Amino acid sequence: MTLESMMACCLSDEVKESKRINAEIEKQLRRDKRDARRELKLLLLGTGESGKSTFIKQMRIIHGSGYSEEDKKGFTKLVYQNIFTAMQSMIRAMETLKILYKYEQNKANAVLIREVDVEKVMTFEQPYVSAIKTLWNDPGIQECYDRRREYQLSDSAKYYLSDVDRIATPGYLPTQQDVLRVRVPTTGIIEYPFDLENIIFRMVDVGGQRSERRKWIHCFENVTSIMFLVALSEYDQVLVESDNENRMEESKALFRTIITYPWFQNSSVILFLNKKDLLEDKILYSHLVDYFPEFDGPQRDAQAAREFILKMFVDLNPDSDKIIYSHFTCATDTENIRFVFAAVKDTILQLNLKEYNLV
């Protein structure tokens, strides 16, 4: 064999190998594209206590295996701790707001509850049960509860404190609603994947408090949709981290930052205006115009208030071509979330199919 023919032979082998590698790469790219279409990443964003973790719990109930008896048992201690935390917050606020107890015995009850180390609470027994019940029924504590926007109190405080008898029964097992209302601040990142119509939806919940947000950065790749939660009821509340900053202003600032991030240029944005039930209660006595003077709608009108808040957020979008999809929600209401997420899923799938030129 001549040198030329040997070289030609080697060359054709190299070309073959190169073609094979190229074909492999093309195949892998097609597979990646198909797999990317099969797994959609949904990033749940919003400030602290906007309802992100509750939303994930609902996905587990609606699209996952829900909560077994064993799972619910795991929440018992957390329900007890939420009760003590709520009452301790109100006892501290009684002093700060200089509100007096109506019944003398409640001074001693307050001392008893205040000295409890919440982290160590594992049970809910006497004398704590009657102390908390008696305190909750004190007109002073009720006045303090009505002024809760002036300090930090969990949204589920009234839900649990009004049901102390049931929760204190021996062998108590938390209900699904008890589980949905448990407040545990999210630290770090929680992922919840679920399968829908042969597509994996990977929902990622990141902590909303300021200290948690710096951990978000690596979640930003390949995000199909941003699901941004706003608590409608926060228009008159201040931040956990800073008691002279309005929570809704903080939420607006975060939303503005998120929708202008270059990472999210190709991600759809879905805005959940959450806690609509709390807004309906609160709007009757706390006027939106006192916190947002530009509001010129009627007072005590939840519909006008929520439309104004929606417009405030949508107006932050600088890109007229980018549609912001919005829904009013109540994250603790399973049927409401089932209905809303069905619409959201259709939106996400349609947009995703468009991106892959499949429609």
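Cβ coordinates are placed from backbone N, Cα and C, and glycine is handled just like the others.
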From the ranges 88-96, 178-186, 214-222, grab the one Swiss-Prot calls region 'G2 motif'.
178-186
What range among 118-125, 158-165, 270-277, 286-293 does Swiss-Prot record as region 'G4 motif'?
270-277
Region 'G1 motif' per Swiss-Prot: which of the ranges 41-54, 139-152, 237-250 is that?
41-54
If I go by Swiss-Prot, the feature region 'G3 motif' sits on one of 101-110, 201-210, 251-260. Which?
201-210
According to Swiss-Prot, which listed range is region 'G5 motif': 23-28, 35-40, 329-334?
329-334
Residues near S53 (Mg(2+) binding site) in space but at least six apart in sequence (CB under 8 A):
V184, T186, I190, D205
In the same chain, which residue numbers or ranges, 6 or more beyond the ends of the region 'G5 motif' (329-334), come under 8 angstroms Cβ to Cβ?
51, 54-55, 58, 61-62, 176-177, 180-181, 229, 272-277, 340
What average pLDDT is reported by the model for the region 'G3 motif' (201-210)?
77
Do you know which of the binding-site residues K52, R181 has the most other C-beta atoms within 10 angstroms of its C-beta?
K52
Neighbourhood of N274 (GTP binding site) by C-beta distance under 8 A, where only residues 6 or more apart in the same chain count:
S50, G51, F55, L229, V230, A231, L232, T329, C330, A331
